[in-house]
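Undergrad: Pulled the feature table from Swiss-Prot, pasting it below:
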ACT_SITE  H125  active site, proton donor
BINDING   D64, D92, N124, H173, H248  Mn(2+) 2 binding site
BINDING   D64, H66, D92  Mn(2+) 1 binding site
MOD_RES   A2  N-acetylalanine
MOD_RES   T307  phosphothreonine
MOD_RES   T311  phosphothreonine
REGION    302-323  region 'Disordered'
Amino acid sequence: MADIDKLNIDSIIQRLLEVRGSKPGKNVQLQENEIRGLCLKSREIFLSQPILLELEAPLKICGDIHGQYYDLLRLFEYGGFPPESNYLFLGDYVDRGKQSLETICLLLAYKIKYPENFFLLRGNHECASINRIYGFYDECKRRYNIKLWKTFTDCFNCLPIAAIVDEKIFCCHGGLSPDLQSMEQIRRIMRPTDVPDQGLLCDLLWSDPDKDVLGWGENDRGVSFTFGAEVVAKFLHKHDLDLICRAHQVVEDGYEFFAKRQLVTLFSAPNYCGEFDNAGAMMSVDETLMCSFQILKPAEKKKPNATRPVTPPRGMITKQAKK
């Protein structure tokens, strides 16, 4: 535990922020023992706080970041660097992008520095079997070692799963579950835990809304389910909630409503993977629970294959006129 005792959080944050204004892509190489310390200390804080967070507005809510570190810095420039604003992130900090390490290290550092004002939920990519494949493992191995990746896994296994803002806005990474009858079921999930292949915890991190589904449907991802508008309406009514806020899918404008504005999808990585022209968005919730959106436009850049149509990923939501 010596790593925790001598952790200089202010110095770590300062070095991570020094690349502001640099050409995107410049790395920040923290010492391995500093990163280990971030994992150990934040893990302690995650376990000391509930698995179902109860938060108060005002706060800003962000969706997937996926290792797009310079876009994370843009989000903070737009919304205010902590502690200027309170934040809730909905998961998927690592994989796909080039700088998962900087991204997760800054987020964990802010969690340690401002434990009551800065909150991180678990996404489906904060799971060893997923981030072993989609980039984070390789980044850890290339820049440090596999042992450090395992230390992150121990930290991710303790992240909270869901949050409720002022008893009215239910937040999670993926979506609803056919197994979810009572909030007490979420509170009873014991940590540390891996993400199972099915069941409540899996669904909260993996499920997706689908306007063409009545009730529950099969998910094209091969994991969890899809759910229709009626499922959303019933859930909100039963639990006296106003809104579900989730991430997990690329949306063209950075945010997209579903089920008569009873659910919103947030995605905060603009130009996702360099392949999409999507914007990124952050949702600001004020003291009256009015929600507004701050948009990060996709960076203007010439694409090498500008004429070639891009294959959309599974789960891409396209804007369609409501019938």
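Including glycine, each Cβ sits where the backbone N, Cα and C put it.
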Undergrad: Any idea what DSSP makes of H248 (Mn(2+) 2 binding site), helix, strand or coil?
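TA: Looking at the DSSP assignment, H248 (Mn(2+) 2 binding site) belongs to neither helix nor strand, so coil.
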Undergrad: Given H248 (Mn(2+) 2 binding site) and H125 (active site, proton donor), what distance in Å do their CA atoms have, once rounded to a whole number?
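TA: Between the Cα atoms of H248 (Mn(2+) 2 binding site) and H125 (active site, proton donor), the distance comes to 10 Å.
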Undergrad: What count of other C-beta atoms do you get within 10 angstroms of the C-beta of H248 (Mn(2+) 2 binding site), across all chains shown?
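TA: If we count other Cβ atoms within 10 Å of H248 (Mn(2+) 2 binding site), we arrive at 26.
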Undergrad: Tell me the Cβ contacts of N124 (Mn(2+) 2 binding site) under 8 Å, same chain only and six or more apart in sequence, or just say none.
TA: G91, D92, I130, H173, G174, V195, L205, W206, V223, H248
Undergrad: Applying a 10 Å Cβ distance cut-off over all chains shown, what neighbour count does H66 (Mn(2+) 1 binding site) have?
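TA: The answer is 28.
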Undergrad: Whole-number Å distance between the CA of H66 (Mn(2+) 1 binding site) and the CA of H125 (active site, proton donor)?
TA: 9
Undergrad: I want the residues beyond D64, D92, N124, H173, H248 whose C-beta is within 8 angstroms of the mean position of the Mn(2+) 2 site's C-beta atoms, in chain order.
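TA: Counting only non-site residues, the set is G63, L90, G91, G123, H125, G174, L205, A247.
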Undergrad: CB neighbours of D92 (Mn(2+) 2 binding site) within 10 A?
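TA: A count of 28.
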Undergrad: Near D64 (Mn(2+) 2 binding site), which residues of its chain come within a Cβ-Cβ distance under 8 Å, counting only those 6 or more away in sequence?
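TA: Those within reach of D64 (Mn(2+) 2 binding site), by Cβ under 8 Å and sequence separation of 6 or more, are L90, G91, D92, G123, A247, H248, F267, S268, A269, Y272.
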Undergrad: How would DSSP class N124 (Mn(2+) 2 binding site) in three states?
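TA: For N124 (Mn(2+) 2 binding site) - judged by DSSP and reduced to three states - the answer is coil.
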